[in-house]
Amino acid sequence: MGLPPIECPFDIPKPFRHPDLFDKFSNCDPLPIFFLNRWNESFKVFYQNLDDEHRGLFDVVFDVDAKRGDAGAVSKAASAFKGHFTTEEAEMKKGVDAGKLDGAHYKGHCTAHNKFLELFGSFGNNLGDDEINYSMKWLVNHIKSTDFHYKGKLIQ
């Protein structure tokens with residue numbers, strides 16, 4: 001399956017570009033992340049509810065991998081992503097309304113969420129290595145770049 005490149009909705013400022021995930025030619029294409037096996041402190045956005053949800057997203061992707069072909073695991077992952085995106089977007093909207101977060105970033109962030117949900121849904125129940133690796137790379141890239149942009153800018 002030809003998967004699309006992992007896209008960013010805006011230029012990522014250098015402080016948010018994680019050197020282990022990006023090569024010198026791109027802001028958005030992560031290097032292979034097979035060395036990552038779980039959420040760790042380097043993924044903290046410093047909002048407890050969002051950090052907890054991010055941990056859970058790692059868990060559901062690994063669960064899909066462990067239970068290949070299990071429709072329940074895929075459905076649980078899709079629900080976890082959708083639920084997290086709903087929570088995160090609501091928190092971000094408050095930041096936009098308070099003037100702490102840029103509206104263009106918010107819109108781009110929501111677009112990235114929607115594109116991922118659409119793509120994940122298109123995978124069906126039998127995710128192979130490519131789809132699972134893509135999902136994990138997308139998650140890592142999204143947290144380390146796109147989500148890091150809102151640190152300190154949300155109203156809870």
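Every residue gets a Cβ built from N, Cα and C, even glycine.
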Pick from E88, E91, E131: which one does Swiss-Prot list with H109, H113, H142, D147 for the same Fe cation 2 site?
E88
For the Fe cation 1 site, Swiss-Prot lists H84, E88, D147; sort out which one of H54, H105 goes with them.
H54
With Cβ-Cβ distance below 8 Å and at least 6 positions apart along the chain, what are the contacts of E88 (Fe cation 1 binding site)? List them in sequence order.
L50, E53, H109, H113, D147
Cβ atoms within 10 Å, counted per site: which of H84, H109, H142 has the most, among these binding-site residues?
H109
Take the C-alpha atoms of H54 (Fe cation 1 binding site) and H142 (Fe cation 2 binding site) and report the distance between them in angstrom, rounded.
11
Separation of alpha carbons, H142 (Fe cation 2 binding site) and H84 (Fe cation 1 binding site) (Å):
13
